[in-house]
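What Swiss-Prot annotates here:
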BINDING   R22, E79, K119, K453  (6S)-5-formyl-5,6,7,8-tetrahydrofolate binding site
DOMAIN    215-376  domain 'TrmE-type G'
BINDING   N225, T244, I246, T249  K(+) binding site
BINDING   225-230, 244-250, 269-272, 334-337  GTP binding site
BINDING   S229, T250  Mg(2+) binding site
Amino acid sequence: MTTDTIVAQATAPGRGGVGIIRVSGPQAAQVALEVTGKTLKARYAEYLPFKAQDGSELDQGIALFFPNPHSFTGEDVLELQGHGGPVVMDMLIKRILTISGVRPARPGEFSERAFLNDKMDLTQAEAIADLIDASSEEAAKSALQSLQGQFSKRIHTLVESLIHLRIYVEAAIDFPEEEIDFLADGKVAGDLQAIIDNLDAVRKEANQGAIMREGMKVVIAGRPNAGKSSLLNALSGKDSAIVTDIAGTTRDVLREHIHIDGMPLHIIDTAGLRDASDEVEKIGIERAWDEIRQADRVLFMVDGTTTDATDPKEIWPDFIDRLPEQIGITVIRNKADQTQESLGICHVSQPTLIRLSAKTGQGVEALRNHLKECMGFSGNSEGGFMARRRHLDALQRAAEHLLIGQEQLEGYMAGEILAEELRIAQQHLNEITGEFSSDDLLGRIFSSFCIGK
(Lines of atoms letter the chains of each structure in order from A and count residues from 1; the text may use other names and numbers.)
(Lines give C-alpha, C1' and ligand atoms only; values in the text may rest on other atoms or scores of the structure.)
Protein backbone atom coordinates (compact mmCIF):
# COMPACT_ATOMS: atom_id res chain seq x y z
CA MET A 1 0.00 0.00 0.00
CA THR A 2 1.49 3.37 -1.01
CA THR A 3 1.85 5.99 1.73
CA ASP A 4 3.43 8.81 -0.26
CA THR A 5 1.70 11.36 -2.46
CA ILE A 6 2.87 12.10 -6.00
CA VAL A 7 2.55 15.15 -8.23
CA ALA A 8 3.21 15.82 -11.92
CA GLN A 9 1.97 17.86 -14.84
CA ALA A 10 -0.67 15.83 -16.68
CA THR A 11 -0.71 17.97 -19.82
CA ALA A 12 2.13 18.10 -22.32
CA PRO A 13 5.03 20.41 -21.41
CA GLY A 14 5.25 23.73 -23.22
CA ARG A 15 2.90 26.65 -23.75
CA GLY A 16 -0.85 26.10 -23.84
CA GLY A 17 -4.15 27.65 -22.90
CA VAL A 18 -4.64 25.23 -20.00
CA GLY A 19 -2.17 23.21 -17.96
CA ILE A 20 -3.20 20.49 -15.50
CA ILE A 21 -1.36 19.45 -12.35
CA ARG A 22 -2.31 16.03 -10.98
CA VAL A 23 -1.81 14.93 -7.37
CA SER A 24 -2.53 11.43 -6.06
CA GLY A 25 -2.18 9.92 -2.60
CA PRO A 26 -3.21 10.37 1.03
CA GLN A 27 -1.97 14.00 1.15
CA ALA A 28 -4.08 15.15 -1.82
CA ALA A 29 -6.75 16.73 0.40
CA GLN A 30 -4.07 18.53 2.44
CA VAL A 31 -2.48 19.81 -0.78
CA ALA A 32 -5.87 21.16 -1.86
CA LEU A 33 -6.34 22.90 1.49
CA GLU A 34 -2.91 24.53 1.50
CA VAL A 35 -2.89 25.58 -2.17
CA THR A 36 -6.51 26.79 -2.46
CA GLY A 37 -7.12 27.79 1.16
CA LYS A 38 -10.30 25.75 1.53
CA THR A 39 -11.62 22.21 1.84
CA LEU A 40 -12.90 21.12 -1.56
CA LYS A 41 -16.20 19.36 -2.16
CA ALA A 42 -15.91 15.96 -3.80
CA ARG A 43 -16.17 15.98 -7.61
CA TYR A 44 -17.14 19.65 -7.68
CA ALA A 45 -15.30 22.12 -9.92
CA GLU A 46 -14.41 25.40 -8.20
CA TYR A 47 -12.65 28.43 -9.64
CA LEU A 48 -10.09 29.49 -7.04
CA PRO A 49 -6.74 31.22 -6.56
CA PHE A 50 -3.71 28.94 -6.23
CA LYS A 51 -1.56 30.29 -3.41
CA ALA A 52 2.13 30.28 -2.52
CA GLN A 53 3.35 29.52 1.00
CA ASP A 54 3.22 33.22 1.91
CA GLY A 55 -0.39 33.52 0.73
CA SER A 56 0.38 35.36 -2.52
CA GLU A 57 -1.34 34.16 -5.68
CA LEU A 58 0.59 32.01 -8.14
CA ASP A 59 -2.31 31.52 -10.54
CA GLN A 60 -6.08 31.19 -10.76
CA GLY A 61 -7.93 28.18 -12.09
CA ILE A 62 -10.23 25.26 -11.49
CA ALA A 63 -9.67 22.78 -8.67
CA LEU A 64 -11.23 19.29 -8.63
CA PHE A 65 -10.99 16.77 -5.80
CA PHE A 66 -11.80 13.06 -6.22
CA PRO A 67 -11.77 11.10 -2.94
CA ASN A 68 -10.79 7.43 -3.03
CA PRO A 69 -11.79 4.98 -4.33
CA HIS A 70 -13.74 6.86 -7.01
CA SER A 71 -10.80 8.30 -8.91
CA PHE A 72 -8.45 7.39 -11.74
CA THR A 73 -5.82 5.91 -9.41
CA GLY A 74 -8.20 4.64 -6.73
CA GLU A 75 -6.56 7.06 -4.28
CA ASP A 76 -7.44 10.63 -3.30
CA VAL A 77 -6.76 12.69 -6.43
CA LEU A 78 -6.51 16.46 -6.87
CA GLU A 79 -6.42 18.21 -10.25
CA LEU A 80 -5.48 21.85 -10.60
CA GLN A 81 -6.30 23.35 -13.99
CA GLY A 82 -4.39 26.57 -14.47
CA HIS A 83 -2.85 28.58 -17.28
CA GLY A 84 -0.61 26.42 -19.43
CA GLY A 85 2.62 28.38 -19.34
CA PRO A 86 5.69 26.34 -18.36
CA VAL A 87 6.74 28.88 -15.71
CA VAL A 88 3.31 28.85 -14.07
CA MET A 89 3.18 25.04 -14.08
CA ASP A 90 6.69 24.85 -12.63
CA MET A 91 5.83 27.30 -9.83
CA LEU A 92 2.73 25.29 -8.89
CA ILE A 93 4.62 22.00 -8.78
CA LYS A 94 7.40 23.53 -6.68
CA ARG A 95 4.76 24.92 -4.32
CA ILE A 96 3.11 21.51 -3.93
CA LEU A 97 6.47 19.83 -3.31
CA THR A 98 6.97 22.03 -0.23
CA ILE A 99 4.15 20.10 1.45
CA SER A 100 5.29 17.19 3.60
CA GLY A 101 4.85 13.72 2.10
CA VAL A 102 4.68 14.83 -1.55
CA ARG A 103 7.25 13.86 -4.17
CA PRO A 104 7.51 14.04 -7.99
CA ALA A 105 5.84 11.17 -9.82
CA ARG A 106 7.83 8.66 -11.83
CA PRO A 107 6.91 8.10 -15.51
CA GLY A 108 3.65 6.16 -15.65
CA GLU A 109 3.20 6.09 -11.89
CA PHE A 110 -0.41 7.33 -11.94
CA SER A 111 -1.37 4.51 -14.32
CA GLU A 112 0.69 2.06 -12.27
CA ARG A 113 -1.25 3.00 -9.12
CA ALA A 114 -4.52 2.61 -11.03
CA PHE A 115 -3.42 -0.90 -12.01
CA LEU A 116 -2.26 -1.82 -8.50
CA ASN A 117 -5.57 -0.54 -7.07
CA ASP A 118 -7.58 -2.66 -9.55
CA LYS A 119 -8.96 0.33 -11.43
CA MET A 120 -7.75 -1.23 -14.69
CA ASP A 121 -5.78 -4.25 -15.85
CA LEU A 122 -2.40 -4.20 -17.55
CA THR A 123 -3.68 -4.12 -21.13
CA GLN A 124 -5.90 -1.14 -20.30
CA ALA A 125 -3.00 0.68 -18.64
CA GLU A 126 -0.82 0.07 -21.70
CA ALA A 127 -3.65 1.29 -23.92
CA ILE A 128 -3.43 4.74 -22.30
CA ALA A 129 0.13 5.14 -23.60
CA ASP A 130 -0.86 3.68 -26.98
CA LEU A 131 -3.78 6.10 -27.29
CA ILE A 132 -1.50 9.05 -26.55
CA ASP A 133 1.08 7.79 -29.08
CA ALA A 134 -1.44 6.86 -31.80
CA SER A 135 -0.28 8.08 -35.21
CA SER A 136 -3.57 7.55 -37.08
CA GLU A 137 -7.33 7.49 -36.50
CA GLU A 138 -7.33 3.71 -36.87
CA ALA A 139 -4.60 3.32 -34.24
CA ALA A 140 -6.47 5.64 -31.86
CA LYS A 141 -9.69 3.63 -32.30
CA SER A 142 -7.86 0.36 -31.62
CA ALA A 143 -6.17 1.78 -28.53
CA LEU A 144 -9.53 3.02 -27.25
CA GLN A 145 -11.00 -0.47 -27.73
CA SER A 146 -8.22 -1.86 -25.54
CA LEU A 147 -8.72 0.90 -22.98
CA GLN A 148 -12.41 0.00 -22.82
CA GLY A 149 -11.46 -3.61 -22.09
CA GLN A 150 -12.11 -5.39 -25.40
CA PHE A 151 -8.74 -7.18 -25.41
CA SER A 152 -9.08 -8.04 -21.72
CA LYS A 153 -12.52 -9.58 -22.28
CA ARG A 154 -11.13 -11.87 -24.97
CA ILE A 155 -8.34 -13.00 -22.67
CA HIS A 156 -10.68 -13.50 -19.71
CA THR A 157 -12.98 -15.66 -21.88
CA LEU A 158 -10.04 -17.88 -22.80
CA VAL A 159 -8.90 -18.11 -19.19
CA GLU A 160 -12.39 -19.05 -17.98
CA SER A 161 -12.59 -21.80 -20.60
CA LEU A 162 -9.18 -23.07 -19.50
CA ILE A 163 -10.22 -23.09 -15.84
CA HIS A 164 -13.34 -25.16 -16.59
CA LEU A 165 -11.30 -27.61 -18.66
CA ARG A 166 -8.63 -27.87 -15.97
CA ILE A 167 -11.29 -28.70 -13.37
CA TYR A 168 -12.63 -31.49 -15.59
CA VAL A 169 -9.16 -32.91 -16.29
CA GLU A 170 -8.10 -32.71 -12.63
CA ALA A 171 -11.27 -34.55 -11.63
CA ALA A 172 -10.47 -37.32 -14.12
CA ILE A 173 -6.99 -37.63 -12.61
CA ASP A 174 -8.16 -37.54 -8.98
CA PHE A 175 -10.95 -40.12 -9.44
CA PRO A 176 -9.51 -42.81 -11.72
CA GLU A 177 -11.77 -45.47 -10.21
CA GLU A 178 -14.86 -43.99 -11.90
CA GLU A 179 -16.38 -46.27 -14.52
CA ILE A 180 -16.42 -43.48 -17.14
CA ASP A 181 -13.05 -42.55 -18.64
CA PHE A 182 -13.45 -38.79 -18.67
CA LEU A 183 -10.30 -38.24 -20.75
CA ALA A 184 -11.49 -40.60 -23.49
CA ASP A 185 -15.15 -39.56 -23.71
CA GLY A 186 -14.46 -36.82 -26.27
CA LYS A 187 -15.47 -33.84 -24.14
CA VAL A 188 -11.93 -32.91 -23.12
CA ALA A 189 -10.64 -33.17 -26.69
CA GLY A 190 -13.55 -31.12 -28.01
CA ASP A 191 -13.24 -28.41 -25.37
CA LEU A 192 -9.47 -28.23 -25.87
CA GLN A 193 -9.86 -27.84 -29.63
CA ALA A 194 -12.42 -25.07 -29.10
CA ILE A 195 -9.96 -23.20 -26.85
CA ILE A 196 -7.17 -23.63 -29.41
CA ASP A 197 -9.44 -22.28 -32.17
CA ASN A 198 -10.51 -19.29 -30.05
CA LEU A 199 -6.89 -18.56 -29.16
CA ASP A 200 -5.95 -18.63 -32.86
CA ALA A 201 -8.65 -16.05 -33.58
CA VAL A 202 -7.39 -13.80 -30.78
CA ARG A 203 -3.81 -14.15 -32.05
CA LYS A 204 -4.85 -13.02 -35.52
CA GLU A 205 -6.60 -9.95 -34.12
CA ALA A 206 -3.68 -9.23 -31.81
CA ASN A 207 -1.29 -9.41 -34.76
CA GLN A 208 -3.40 -6.77 -36.53
CA GLY A 209 -3.28 -4.63 -33.39
CA ALA A 210 0.49 -4.99 -33.15
CA ILE A 211 0.90 -3.95 -36.79
CA MET A 212 -1.32 -0.94 -36.09
CA ARG A 213 0.92 0.02 -33.20
CA GLU A 214 4.39 -0.80 -34.49
CA GLY A 215 4.01 -0.55 -38.25
CA MET A 216 6.17 -2.17 -40.88
CA LYS A 217 9.78 -1.26 -41.63
CA VAL A 218 10.42 -1.32 -45.38
CA VAL A 219 13.89 -0.68 -46.78
CA ILE A 220 14.35 0.27 -50.43
CA ALA A 221 17.67 -1.15 -51.61
CA GLY A 222 19.50 -1.67 -54.87
CA ARG A 223 22.22 -0.38 -57.11
CA PRO A 224 22.70 3.36 -57.72
CA ASN A 225 20.23 5.07 -60.07
CA ALA A 226 17.68 2.22 -59.93
CA GLY A 227 14.95 4.67 -58.85
CA LYS A 228 14.97 4.10 -55.10
CA SER A 229 14.51 7.77 -54.20
CA SER A 230 11.77 8.14 -56.81
CA LEU A 231 9.92 5.22 -55.20
CA LEU A 232 10.26 6.81 -51.76
CA ASN A 233 8.72 10.00 -53.14
CA ALA A 234 5.93 8.06 -54.89
CA LEU A 235 5.00 6.15 -51.72
CA SER A 236 5.19 9.18 -49.43
CA GLY A 237 3.39 11.48 -51.86
CA LYS A 238 6.01 14.22 -51.59
CA ASP A 239 9.53 15.04 -52.70
CA SER A 240 11.33 13.66 -49.66
CA ALA A 241 14.45 12.66 -51.58
CA ILE A 242 16.51 14.47 -54.21
CA VAL A 243 16.20 12.71 -57.56
CA THR A 244 18.85 13.14 -60.29
CA ASP A 245 20.42 11.06 -63.05
CA ILE A 246 23.72 11.14 -61.17
CA ALA A 247 24.55 7.79 -59.57
CA GLY A 248 25.19 8.04 -55.82
CA THR A 249 22.99 11.09 -55.20
CA THR A 250 21.60 9.53 -52.00
CA ARG A 251 24.50 9.10 -49.59
CA ASP A 252 22.68 8.76 -46.28
CA VAL A 253 19.56 7.05 -44.99
CA LEU A 254 16.27 8.88 -45.65
CA ARG A 255 13.14 8.04 -43.66
CA GLU A 256 9.44 8.67 -44.20
CA HIS A 257 6.49 7.65 -42.04
CA ILE A 258 3.23 7.07 -43.95
CA HIS A 259 -0.01 5.10 -43.58
CA ILE A 260 -1.59 2.64 -45.98
CA ASP A 261 -5.27 2.26 -45.05
CA GLY A 262 -4.29 2.79 -41.42
CA MET A 263 -1.19 0.57 -41.41
CA PRO A 264 1.87 2.55 -40.30
CA LEU A 265 4.75 2.19 -42.74
CA HIS A 266 8.32 3.23 -42.02
CA ILE A 267 9.95 3.63 -45.44
CA ILE A 268 13.72 3.91 -45.62
CA ASP A 269 15.61 4.96 -48.73
CA THR A 270 19.25 3.91 -48.71
CA ALA A 271 22.39 4.77 -50.58
CA GLY A 272 22.94 2.81 -53.79
CA LEU A 273 24.93 -0.33 -53.07
CA ARG A 274 28.20 -0.57 -54.97
CA ASP A 275 31.96 -0.68 -54.44
CA ALA A 276 32.48 2.99 -53.69
CA SER A 277 35.79 4.81 -53.46
CA ASP A 278 34.34 7.94 -51.87
CA GLU A 279 34.64 7.76 -48.06
CA VAL A 280 31.30 9.50 -47.41
CA GLU A 281 29.50 7.18 -49.82
CA LYS A 282 31.12 4.16 -48.14
CA ILE A 283 29.66 5.25 -44.80
CA GLY A 284 26.23 5.66 -46.42
CA ILE A 285 26.43 2.16 -47.92
CA GLU A 286 27.35 0.62 -44.55
CA ARG A 287 24.40 2.44 -42.95
CA ALA A 288 22.22 1.04 -45.72
CA TRP A 289 23.22 -2.49 -44.75
CA ASP A 290 22.50 -1.72 -41.09
CA GLU A 291 18.94 -0.76 -42.06
CA ILE A 292 18.53 -3.77 -44.36
CA ARG A 293 19.42 -6.16 -41.54
CA GLN A 294 16.65 -4.66 -39.36
CA ALA A 295 13.95 -4.55 -42.05
CA ASP A 296 10.61 -6.34 -42.06
CA ARG A 297 10.82 -6.33 -45.84
CA VAL A 298 13.31 -5.25 -48.49
CA LEU A 299 12.20 -3.77 -51.81
CA PHE A 300 14.97 -4.82 -54.20
CA MET A 301 14.97 -2.13 -56.89
CA VAL A 302 16.04 -3.03 -60.41
CA ASP A 303 16.37 -0.66 -63.36
CA GLY A 304 14.26 -2.46 -65.96
CA THR A 305 16.11 -0.76 -68.80
CA THR A 306 19.40 -2.45 -67.88
CA THR A 307 18.35 -6.11 -67.58
CA ASP A 308 15.51 -8.48 -68.44
CA ALA A 309 16.25 -10.66 -65.41
CA THR A 310 13.72 -10.96 -62.57
CA ASP A 311 15.53 -13.35 -60.22
CA PRO A 312 17.58 -11.37 -57.67
CA LYS A 313 20.08 -14.25 -57.46
CA GLU A 314 20.74 -13.75 -61.15
CA ILE A 315 20.68 -9.95 -60.99
CA TRP A 316 22.93 -9.58 -57.97
CA PRO A 317 23.98 -12.84 -56.23
CA ASP A 318 26.31 -11.10 -53.76
CA PHE A 319 23.41 -9.04 -52.38
CA ILE A 320 21.21 -12.10 -51.86
CA ASP A 321 24.05 -14.00 -50.19
CA ARG A 322 24.53 -11.17 -47.71
CA LEU A 323 20.80 -10.66 -47.01
CA PRO A 324 19.61 -12.37 -43.76
CA GLU A 325 17.39 -15.36 -44.62
CA GLN A 326 14.47 -14.31 -42.40
CA ILE A 327 13.92 -11.00 -44.22
CA GLY A 328 11.30 -11.03 -46.95
CA ILE A 329 12.19 -9.56 -50.32
CA THR A 330 10.11 -8.11 -53.15
CA VAL A 331 11.70 -7.44 -56.53
CA ILE A 332 10.69 -4.09 -58.02
CA ARG A 333 11.34 -3.75 -61.75
CA ASN A 334 11.28 0.00 -62.18
CA LYS A 335 10.93 2.21 -65.28
CA ALA A 336 8.10 0.16 -66.78
CA ASP A 337 7.01 3.34 -68.57
CA GLN A 338 10.17 3.03 -70.68
CA THR A 339 10.29 -0.76 -71.11
CA GLN A 340 6.54 -1.00 -71.85
CA GLU A 341 6.25 -4.00 -69.50
CA SER A 342 2.85 -4.95 -68.11
CA LEU A 343 2.30 -3.17 -64.81
CA GLY A 344 1.45 -4.75 -61.47
CA ILE A 345 2.25 -7.84 -59.47
CA CYS A 346 3.39 -11.25 -60.68
CA HIS A 347 2.07 -13.75 -58.12
CA VAL A 348 3.75 -16.81 -59.64
CA SER A 349 7.22 -15.34 -59.21
CA GLN A 350 9.35 -16.21 -56.18
CA PRO A 351 10.19 -13.81 -54.69
CA THR A 352 7.25 -11.62 -55.60
CA LEU A 353 7.85 -9.39 -58.62
CA ILE A 354 6.17 -6.02 -59.17
CA ARG A 355 6.57 -3.96 -62.34
CA LEU A 356 6.00 -0.23 -61.92
CA SER A 357 7.15 3.25 -62.77
CA ALA A 358 8.23 5.20 -59.72
CA LYS A 359 8.47 8.33 -61.86
CA THR A 360 4.86 8.27 -63.14
CA GLY A 361 3.33 6.40 -60.18
CA GLN A 362 1.97 3.60 -62.39
CA GLY A 363 1.87 0.30 -60.51
CA VAL A 364 2.59 1.88 -57.11
CA GLU A 365 -0.91 1.04 -55.84
CA ALA A 366 -0.20 -2.65 -56.47
CA LEU A 367 2.90 -2.28 -54.29
CA ARG A 368 0.86 -0.68 -51.49
CA ASN A 369 -1.61 -3.58 -51.51
CA HIS A 370 1.27 -6.06 -51.60
CA LEU A 371 2.85 -4.53 -48.49
CA LYS A 372 -0.44 -4.88 -46.61
CA GLU A 373 -0.66 -8.54 -47.63
CA CYS A 374 2.92 -9.17 -46.51
CA MET A 375 2.04 -8.07 -42.97
CA GLY A 376 -1.33 -9.83 -42.97
CA PHE A 377 -3.03 -6.47 -42.51
CA SER A 378 -6.75 -6.46 -43.30
CA GLY A 379 -7.29 -2.72 -42.86
CA ASN A 380 -10.45 -3.34 -40.81
CA SER A 381 -9.94 -1.81 -37.37
CA GLU A 382 -13.61 -1.79 -36.38
CA GLY A 383 -13.89 -3.67 -33.11
CA GLY A 384 -10.17 -4.41 -33.16
CA PHE A 385 -7.83 -3.81 -30.26
CA MET A 386 -4.24 -2.64 -29.82
CA ALA A 387 -1.58 -5.21 -28.95
CA ARG A 388 2.09 -5.15 -28.10
CA ARG A 389 4.97 -7.50 -28.80
CA ARG A 390 4.81 -8.95 -25.28
CA HIS A 391 1.13 -9.81 -25.85
CA LEU A 392 1.98 -11.68 -29.06
CA ASP A 393 4.77 -13.56 -27.30
CA ALA A 394 2.50 -14.59 -24.42
CA LEU A 395 -0.25 -15.72 -26.82
CA GLN A 396 2.26 -17.76 -28.81
CA ARG A 397 3.63 -19.47 -25.71
CA ALA A 398 0.10 -20.26 -24.53
CA ALA A 399 -0.73 -21.76 -27.93
CA GLU A 400 2.44 -23.88 -27.89
CA HIS A 401 1.58 -25.40 -24.51
CA LEU A 402 -2.00 -26.11 -25.58
CA LEU A 403 -0.72 -27.97 -28.64
CA ILE A 404 1.69 -29.99 -26.48
CA GLY A 405 -1.21 -30.87 -24.17
CA GLN A 406 -3.35 -31.87 -27.14
CA GLU A 407 -0.57 -34.14 -28.43
CA GLN A 408 -0.23 -35.79 -25.02
CA LEU A 409 -3.98 -36.33 -24.80
CA GLU A 410 -4.43 -37.77 -28.27
CA GLY A 411 -1.28 -39.88 -28.30
CA TYR A 412 -0.91 -41.10 -24.74
CA MET A 413 -4.00 -40.11 -22.72
CA ALA A 414 -1.50 -38.46 -20.39
CA GLY A 415 -3.84 -36.56 -18.10
CA GLU A 416 -1.16 -35.31 -15.71
CA ILE A 417 0.92 -33.79 -18.50
CA LEU A 418 -2.19 -32.27 -20.10
CA ALA A 419 -3.16 -30.68 -16.78
CA GLU A 420 0.30 -29.15 -16.39
CA GLU A 421 0.31 -27.78 -19.95
CA LEU A 422 -3.12 -26.22 -19.38
CA ARG A 423 -1.85 -24.60 -16.19
CA ILE A 424 1.18 -23.11 -17.94
CA ALA A 425 -0.97 -21.87 -20.84
CA GLN A 426 -3.30 -20.13 -18.38
CA GLN A 427 -0.31 -18.54 -16.65
CA HIS A 428 0.91 -17.05 -19.94
CA LEU A 429 -2.55 -15.62 -20.67
CA ASN A 430 -2.72 -14.11 -17.20
CA GLU A 431 0.58 -12.34 -17.87
CA ILE A 432 -1.18 -10.29 -20.55
CA THR A 433 -3.69 -8.71 -18.19
CA GLY A 434 -1.26 -8.56 -15.28
CA GLU A 435 -2.95 -11.14 -13.06
CA PHE A 436 0.39 -12.92 -13.05
CA SER A 437 3.27 -10.47 -13.51
CA SER A 438 6.72 -9.95 -12.05
CA ASP A 439 7.71 -6.61 -10.54
CA ASP A 440 10.43 -6.36 -13.19
CA LEU A 441 7.85 -6.62 -15.98
CA LEU A 442 5.65 -3.95 -14.42
CA GLY A 443 8.64 -1.66 -14.01
CA ARG A 444 9.58 -1.97 -17.69
CA ILE A 445 6.02 -1.33 -18.86
CA PHE A 446 5.21 1.73 -16.77
CA SER A 447 8.64 3.34 -17.16
CA SER A 448 7.84 3.83 -20.86
CA PHE A 449 4.84 6.05 -20.02
CA CYS A 450 4.77 9.85 -19.92
CA ILE A 451 5.26 11.54 -16.57
CA GLY A 452 1.81 12.55 -15.34
CA LYS A 453 0.08 9.49 -16.82
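Heads up, residue numbers simply count up from 1 along the chain you see.
Just so you know, glycine gets a Cβ as well, placed from its N, Cα and C.
Features recorded in Swiss-Prot, as mapped to the structure shown.
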residue	record	Cβ within 10 Å
R22	(6S)-5-formyl-5,6,7,8-tetrahydrofolate binding site	21
E79	(6S)-5-formyl-5,6,7,8-tetrahydrofolate binding site	21
K119	(6S)-5-formyl-5,6,7,8-tetrahydrofolate binding site	18
N225	K(+) binding site	20
K228	GTP binding site	31
S229	Mg(2+) binding site	24
K335	GTP binding site	21
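Under the three-state DSSP scheme, E79 ((6S)-5-formyl-5,6,7,8-tetrahydrofolate binding site) falls in the strand class.
Rounded to a whole number, the distance between the Cα atoms of S229 (Mg(2+) binding site) and E79 ((6S)-5-formyl-5,6,7,8-tetrahydrofolate binding site) is 50 Å.
Ranked by CA distance from R22 ((6S)-5-formyl-5,6,7,8-tetrahydrofolate binding site), the binding-site residues N225, S229, K335 have S229 at the top as the closest.
Put simply, S229 is the one of the binding-site residues N225, S229, K335 whose Cα lies nearest to the Cα of K119 ((6S)-5-formyl-5,6,7,8-tetrahydrofolate binding site). In the three-state DSSP reading, R22 ((6S)-5-formyl-5,6,7,8-tetrahydrofolate binding site) counts as strand. In the three-state DSSP scheme, K119 ((6S)-5-formyl-5,6,7,8-tetrahydrofolate binding site) falls into the coil class. The separation of N225 (K(+) binding site) from K335 (GTP binding site), Cα to Cα, is 11 Å. Under the three-state DSSP scheme, K335 (GTP binding site) falls in the coil class. Across all of the domain 'TrmE-type G' (215-376), the predicted model scores a mean pLDDT of 83.
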